[in-house]
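Here's what TrEMBL has on this protein:
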BINDING   Ser166, Ile167, Asp168, Arg203, Met210, Gly211, Arg212, Glu263, Arg288, His294, Val295, Gln296, Arg297  substrate binding site
BINDING   508-512, Arg546, 553-555, Arg635, 641-644, Arg715  beta-D-fructose 2,6-bisphosphate binding site
DOMAIN    20-319  domain 'Phosphofructokinase'
DOMAIN    397-666  domain 'Phosphofructokinase'
REGION    1-386  region 'N-terminal catalytic PFK domain 1'
REGION    397-766  region 'C-terminal regulatory PFK domain 2'
Amino acid sequence: MAYHEAPHKDPRKMGIGRSIAVLTSGGDAQGMNAAVRATVRVGIYTGAKVYFVHEGYQGLVDGGDNIKLATWESVSMMLQLGGTVIGSARCMDFKERWGRLKAACNLVKLGITNLCVIGGDGSLTGANQFRTEWSELLLDLTKEGKITADEAKRSSHLNIVGMVGSIDNDFCGTDMTIGTDSALHRIIEVVDAITTTAQSHQRAFILEVMGRHCGYLALVTALACGADWVFIPEMPPEENWEQHLCKRLITRGSRLNVIILAEGAQDRHQKPITCDQLVSKKLGFDTRATILGHVQRGGTPSAFDRILGSRMGVEAVMALLEATPETPACVVSLSGNMAVRLPLMECVQVTKDVTKAMAEGRFEDAVNLRGKSFQHNWNTYKMLAHVNPPDVKSNINIAIINVGAPCAGMNAAVRAAVRVGIIQGHQMLAVYDGFDGLIEPITWSQVSGWTGQGGSNLVTCVLNIAKFNIHSLIIVGGFEAYLGGLELITAREKYEELCIPMVVIPATVSNNVPGSDFSIGADTALNTITTTCDRIKQSAAGTKRRVFIIETMGGYCGYLATMAGLSSGADAAYIYEEPFHIHDLELNVEHLIEKMKTSVKRGLILRNSNANDNYTTQFLYNLYSEEGKGTFDCRMNILGHMQQGGTPTPFDRNFGTKMGSKSVLWVTDKLKECYRHGRIFANTPDSACVLGMKKRSLLFQPLTSLKDDTDFEHRIPKTQWWMRLRPILKILAKYDAIEIDTSEVAAMEHIIKKTGEIKGGKMLNK
């Protein structure tokens, strides 16, 4: 998608004459600053005035210097900062009508009729109440003589848009809230550190994570680290869980035992389950407890949270400017990889329904009301942690092969696939060392601890199907895996042994596999790039007027360069998919020269490795150095293979785990379908698929059906969802005449229809 110089709906005029206030309320969360930054810059881009409200609702009530006009430069260098730079506070005054009256007066005096609130369900509920009372508040203020009739008329309606900032991920209607991914990063860092000492001393470790009313952090942590047990508020353990837990730990006989506990965990009688209680149970092991506390809220935001906050901020501004008096207050949410608008109070109601369901002991309803993502995580955890391998085997052999370059998260996929396969009664075979590799049986214990290991323990490979009587094949890898799958399908006409179910699991830092919006390993690489960019920018803290040119991996796919540009606040990101010419380079240089005249005297340019054969990274460095003489100097960095290394991020561990388990379950069903006359014969297109995330769900798509949407020469899909985000990158870098594409999210959706509603104590799906 190219940038449109003359869009049919010019966003630069939408906000003229409008004013927007942005505040952060309740608990802080990493990524809030990205949302504030995007709200301010996109608001200014549309022609609106944007105001900071410092100290949350308290600042709104107190007014004065707490409400300040924001500028473009005032949100610079915020992306990498945790918490919220405009402050947050628990405000009791706003809960009283007199407090809301003062807040309304402060907004009217400044002509602010659009309010963007970043916070949890309590903060958003307060915003909706404020909006509902707005007309009455104006009437009272007019009667008291605090505002004039003209001021009341100019501010006759208040638009509200919410963004959910909460590390607990406890708001229904969104897959992820701002701050959750960063909190998982902090937790997994601690878990990885603790597991080494736990193995050394053969100890059981209990880790308590945040989540007073929601077990998301605990559940995903358990999946990401392969925990033996997890306690969450939504699904208390069964009666006599103490005996079951002890038996499980003893049966496993592992040196490493990890138990994850959400702070709001309780038993079936609503009695709290605590770390001290678990230690006092004398599990039969040397047991240690660690309560992570507020360390989970701190630190640098992850790349995911920076991009999420930026996308939410852009969408929030567009929602405010497109709102009418009849539009209900909305919250900007994430569904799959799509930003969507949902009615605020519907989301709040479902969130309250979860709490009510837990209080009434309807725990299945509580899990279902959390949404599909939570359900899938819970079902995957139950299968991997609580289901024992059957005594009767299936006589099915499933081979797992890793193809191409290794990436972080591959081992999580292999581990999950192996364990789910063993649970199904299958024999799992591992293919080692290339297409001439040896296939050996692999056991449950051999994949212990693989979740947190980077790279691949099964290197590039091929197999001898007939010799080892392989009934199905799971291929984990990048574009090479996709090509290999196609070649195997083509060879089916000649070799009947290849008429078996096959599934490709995308795993590559390049994120260039057709049929999937995300690949295992891409998130880890993206965080590595983002962290490196932060450090590189910091290195120039004492040096004014410096521009850094950084080359990223990705082949011809510009995913890493584009997303890293968003997460690190780059001034430009050159990629193959969006051709650029000498005129574009000239504009970029001029843009940086103008930037150096402001208070922000640093520049960041990213280039995808194969962006252009002639405009190489060295060429760009030489060009910028020459044209910037006397204004700025340049430095060049080629990040190289460090992008493929490191420990997997929580996202890649969780994503790999779900992909691996889902692939084996699909293969098992396909084997049943294809079993005829005492043998397996699968030659239909849907018997060889790519498992990928498309927009909102994990889908199996036939390999052959994806050929038309594949650029085989450059090894990329022809249609790539993230190209829609490139205009955001340009707008946030202060380029003009960029069109914002909101075609997929313009309509407001309804969450009640998706989650069901509560009637008579049971959840009814509509």
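If you go along the chain as it appears here, the first residue is 1 and each next one adds 1.
Cβ from N, Cα, C; glycine included.
Annotated features, which come from TrEMBL, shown on the structure.
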residue : record                                        : Cβ contacts under 8 Å, 6 or more apart
Asp168  : substrate binding site                        : Thr177, Thr180, Met210, Gly211, Arg212, His213, Cys214, Tyr216, Leu217
Arg288  : substrate binding site                        : Ala198, Arg203, Ala204, Phe205, Ile206, Val279
Val295  : substrate binding site                        : Arg186, Val190
Arg297  : substrate binding site                        : Gly27, Asp28, Ala29, Gln30, Gly82, Gly83, Ile167, Gly179, Ala183, Met210
Thr508  : beta-D-fructose 2,6-bisphosphate binding site : Gly404, Ala405, Cys407, Gly477, Gly478, Phe479, Ser519, Ile520, Gly521, Ala522
Ser510  : beta-D-fructose 2,6-bisphosphate binding site : Gly478, Phe479, Ser519, Ala522, Met553, Gly554, Gly555, Cys557, Tyr559, Leu560
Gln643  : beta-D-fructose 2,6-bisphosphate binding site : Val509, Ala525, Thr528, Ile529, Thr552, Met553, Leu560
Arg715  : beta-D-fructose 2,6-bisphosphate binding site : Phe479, Asn512, Gly555, Tyr556, Cys557
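In the predicted model, residues of the region 'N-terminal catalytic PFK domain 1' (1-386) average a pLDDT of 88.
Arg212 (substrate binding site) counts 12 other C-beta atoms within 10 Å of its own C-beta, drawing on all protein chains shown. Non-local contacts of His641 (beta-D-fructose 2,6-bisphosphate binding site) by the CB criterion (under 8 A, 6+ apart in sequence, same chain) comprise Met553. Sequence-distant neighbours of Ser166 (substrate binding site) (same chain, 6+ residues apart, CB-CB distance under 8 A): Gly26, Gly27, Ala29, Gly119, Gly120, Thr177, Ile178, Gly179, Thr180. Of all residue pairs in the substrate-binding list (Ser166, Ile167, Asp168, Arg203, Met210, Gly211, Arg212, Glu263, Arg288, His294, Val295, Gln296, Arg297), the one with the greatest Cα separation is 33 Å apart.
Counting every protein chain shown, the number of other Cβ atoms lying within 10 Å of the Cβ of Met553 (beta-D-fructose 2,6-bisphosphate binding site) is 25. Around Asn512 (beta-D-fructose 2,6-bisphosphate binding site), taking its Cβ as the centre, 27 other Cβ atoms fall within 10 Å, counting all chains.
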